[in-house]
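Scroll down for the structure; my scribbles are underneath it.
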Amino acid sequence: MDQWMTWPWMEMLMACTCLTGLGLVFFLILNRFPASRFLGQLVIVYLGFALFSHFVSDEFWRELSLMAPALSLSWYGSAFFTQNSRISPKHVGLISLAIVLATAAYYFDQLWLVNCLTIVILFDSVQKVKKEAASRGIFWFQNSGARIVWFRNYFGLNILLLLSFLFLGQILSIEFIWAGILINFLFIYIQIFRESGFASPIPVSNKYKKSTLSAAQKAGIVENLDKLLVETKFYLKDDISLGGLATQLHTTTHHLSQVLNENKGVSFQELISQYRIREARHLLKDPEQKNTKVENIAALVGYNSKSAFNTAFKRHTGLTPSEYRDRKDVRSYREVLLPNRKKPSSTGRTFSLSHLFTKKLKRTMITNFFKTFIRTLNRNKVFTFINLFGLTVGFTCSILIYLFIAHELSYDQSLPNHENIYRISWIAEHSQTRTPHPMAQAIRRDFPEVKNAVSFSPWYGTGLTKQEIKVENKQLKLKFDEPDFYFADSTFLDVFQLEVVAGDQEALKEPNTLVITEAMAIKYFGEANAIGQILNVSDMPMEVSLVVKGMPKNAHFHFNALISYETVKAINPESHWMTWADFGHFNYILMEEGSSPSDLQSKIGDWVLQYLNWDSGAKDRFDTGQIRFELQPIADIHLHSHLRWELENNGNILYVYILIGTMFFILIIAAINYVNLTTAKSVERAKEIGVRKTLGAVSRHLTAQFYLESVLFCFVALILALGLTGLVMNHFNQLADKTFSFNDLLDYAFIGKALLLCFAIGLLAGIYPAIFLSSFKPSDVLKGKLSVAGESNRLRSLLVVCQFIVSAILITSSLIILKQIDFMQSKELGFDQEAVISIPIPSSVEHGGINLSEARAIQNELRAITGVKQVSAASNLPGSQFDNHPVTSVKYHPDYLDATEVFVDFGLTELLGFELVSGRALQSSYAADSAGTNVLINETAARSLNLKQPIGEKLAWHLGGYDLEITVIGVVKDFHYKSLHQTINPLIIQHRPELLNHMVLKLDGKNFQQTLEAIEMTYTKFDQEEAFEFHFLDQQLGDLYESEVRTLSVFSIFTCVALFLACLGLLGIALAMLSQKVKEVGIRKILGARPIQIIQMIFAQFAALVGIALAIGLPIAHLLMQEWLMEFPYQTTLGFMPFVWSAVALLTVALASVSMVVLKIAATSPVKALRYE
């Protein structure tokens, strides 16, 4: 309830008004109301003004300038209807009052007063419209005149938009809201003023004595009437009425009747009869119509009754239609109506059509097209809804997928010169992102094609775990734990050219200097100047020298602060970490414009050997390319790089390809629906096409018309899809873990691509309907010989099969992806993860790591808690990042191999349930175990080092600048200490208590809440400054597959949408079949067929289509998913169940979607069926 109360109801109502106004512009143009052109210009002017005023800082004057015209129009209209003076002190006073209220609202911060005032004006306008209608004898829902229809549509649209776009209020700016209000008011008043002659009195009931028509106005109506009847053949419509003709002439029925009686001397019916008979005379003499029956000629000219046609024809010509057809001394249609118009030359290669296409005629043709289009939609409301809904949903899904894909493909491309920035990576048996720190400046110095270079590294703890750093502003007494602290060269901003907010860009050249982001500066210093301020970073005072904008959201790494490498050198000048021997940093280069990265990469091999002190074996592997340095374009890192120690979780180009395919499939299904449903209802448009061809339309013109209808239909669907996208945007953001907004849909590039896609889909979807419908022969149509069976039915069946092939592929793929994710989440990892929690152990510069004595005290007290079974600690937890160092066995394997390392406390092997294959676990009773010279290895390490009897073997472990001799005392069974995306690598487990990062507790699984509360009390007793934080190990392991789970969720939803659209199209085909198979079903029933047999027959037809789709789609899905599973080192088996469930689901859903229609067909009475049509 509180959420509803805090919603901006006023603004949302204004947003609805804005959308109403824009929608009415389109409606006015379609219906050719007198105000349409002016109103269209008005919209452009006011939207342009609103856009311009957006840059004005004083919001009050902008709102006032937009509100004043609305108020003026409102009271001016009131004065007009009451026939009072145009301007009076009352009106001036009211406007002045409005200005005062607006001013007060601005200064007292009560802008809701302005909104309330505007709403009052809006409802006052409604009352004026109703009053004007009543004064002209128009009452709601009683008159059939065009004006009352317009009024109904107007207010109906207001209500519809209020309900449909309620949730869009928060994303529309105030400029659009006010523009919509003005459009709304002007729409009402301009229409009233134009129809009423602006300042003329309201017409009275005396017939012609007090007519307000002048002679010039009468002459204008007569002239327009003649042009309308000749150029548009308005009289051929069977639903013609005096009111409809008056609407076309922009006058009232009263005035039109007066003109016909006074100037033409005929009634409306007599006038229409004259033109219809004239048209009939032409058709009766047309050679192409010589076999057309008289009753069909009567239907073509607007008569529904043959006898009425014969009577009217004889009254005008003195002959019956048959007698007139047999006479030979009758003038042609051209001689009667176009006596002075010359035929265009047929001998030349070009000819002019200017006499046919005047501005008036062009406008009339366009209007006629839109009217035909709207009538076609109204005539088949169910099929229109299915088509429009299918395209709208298809476009909505495509827009959402496009936003997701575009965001994934845009990573790092907003950085200046991103096309020239490359990361130097190390490619070896275990490739990685990290390379030596001196490499960046050395490569900049030695290669002229390198413009600049930078080396940086996150603040890592033991085992390459990213640390949360304790940051404190002592003056303001602010203290937080901050992630994403980096050490960096002073050239960082030369490569990554971020916007500087304040400070010295040379800041990182000095020790104890700090570069922070703007967000962090505001967090610690508020609006005060952060430059020169001191922040304690892990108890080290550092001076803020520079404030910059942070990295873009779509970058492959982000930082909160940069610490100069000079700080590290000042603390430890001899640090091995800063030498060529340590591959522990991230190196990026900025190349000169036009330089070749491939040429530079080929040179690095020989160049780097002068800096690296490698043995001959390593040099040989370098020469053969087994190990090498590689340049990665920064824009490719997010989707194409999955090396060790990526700075953040990257995406996967494979999932982007999957979503692109899904988007393509959804668009195909939506387009196929349009084609199928359009051709299925083609019979109902046969008469229209026959009449058009009879009156001279050629196939290419009809083809163009149907193309245009298709494009226009897609455009309407696109507009609705944009609105629907705005409604579901927040839900999609939660699902895809993105932050899209409605403003992303207003990007010019996106709008251009959307319109282009709309146009392309419209043309592609309209190809077959355009060719198919325009190919009808008028003689076959008028003789009732038209048949749309055969080829068209086969094509529709083929298209339905294509839809369900796509659905079969998507459903099967979803099931297999789900099976693979379930396999990874439920696979036995080789250790116990149930009821295991981890608590981070804080480290500090003061202790050079953790406070070991305090950690031991905490462990002892934790062991005494009821519900805690075991307590130990580790440097890294399963599923996190691990550090590697080379190890060798001089006796069995002289070459070094990379081995993962994890440092543990005593008891971790037993706590996590590692299975010992041979030897023993690490124990505190052995001095060598405590000293770290005894270690455990896994089975993979024993195999890789060729250790036949590993217990007691000596290994040389290369740890940075020295070799440590270690002894193997036990071999643990291989377990998955990383995600199942990676294979199991050699592992060394060593006791190093000073390098521990996580305390690990095994709980008994009972009374979790009470146990956790007791653990928190114990922890906070030792450290009251740090917030208690814990994680369940099984949840952390589950998060390793978050990317796959999220992709599956997105993919599954769009798969369901694709299946829904396919079934929607199938339902449309079934509805069309309902009208086409009525007689067939009736005959079969008369011949003895039972309803169940009818149902089986129709179901068998649909089941056959689905069966064919499954026979094609399932093998394709098998091949695609087999290729996808190759990306995983540990795979589930495909099996046959996903394919069985896919087939069952597809067949069930497909038949269920048409079941109601099939049952209706089977239940049709044979008597009614034979009377059908």
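Each position is counted from 1, following the chain as shown.
Keep in mind that glycine also has a Cβ here, set from the backbone N, Cα and C atoms.
The model shown is predicted, which means the values in this text are computed figures rather than measured ones.
TrEMBL lists 12-31 (among others) with the feature transmembrane segment.
The transmembrane segment annotation in TrEMBL covers 38-57 (among others).
The transmembrane segment annotation in TrEMBL covers 94-123 (among others).
If you look up TrEMBL, you'll see 159-190 (among others) marked as transmembrane segment.
Annotation source TrEMBL lists domain 'HTH araC/xylS-type' at 226-327.
Look at TrEMBL and you will find 382-405 (among others) tagged as transmembrane segment.
The feature transmembrane segment is assigned by TrEMBL to 654-675 (among others). The list of residues near the transmembrane segment (654-675) in space but at least 6 beyond its ends in sequence, with Cβ under 8 angstroms from a Cβ of it, reads 386-387, 390-391, 393-395, 397-398, 401-402, 404-405, 408-409, 639, 710, 713, 757, 761, 764-765, 768-769, 796, 799-800, 802-803, 806-807, 809-810, 813, 1043, 1047, 1050-1051, 1054-1055, 1057-1058, 1061-1062, 1064-1065, 1068, 1124, 1127.
As annotated by TrEMBL, transmembrane segment applies to 706-728 (among others).
TrEMBL lists 748-776 (among others) with the feature transmembrane segment.
Taken from TrEMBL, the feature transmembrane segment covers 797-818 (among others).
What TrEMBL records for 1050-1074 (among others) is transmembrane segment.
Annotation comment: TrEMBL describes 1094-1119 (among others) as transmembrane segment.
Annotation comment: TrEMBL describes 1139-1163 (among others) as transmembrane segment.
Averaged across the domain 'HTH araC/xylS-type' (226-327), pLDDT in this predicted model comes to 77. With a cut-off of 8 Å on Cβ pairs spaced 6 or more residues apart, the transmembrane segment (706-728) and the transmembrane segment (382-405) reach 3 or more such pairs and are scored as touching. Sequence-remote contacts of a segment are chain residues at least 6 beyond its ends whose Cβ falls under 8 Å from one of its Cβ atoms, and for the transmembrane segment (1094-1119) they are 797, 800-809, 812-813, 816, 1066, 1070, 1073, 1077, 1081, 1084-1085, 1134, 1139, 1142-1143, 1146-1147, 1150-1151, 1154, 1158-1159, 1161-1162. Proximity of the transmembrane segment (1139-1163) to the transmembrane segment (382-405) is not established, fewer than 3 Cβ-Cβ distances being under 8 Å for residue pairs spaced 6 or more apart.
Summarised by DSSP class, the composition of the domain 'HTH araC/xylS-type' (226-327) is 75 helix, 0 strand, 27 coil.
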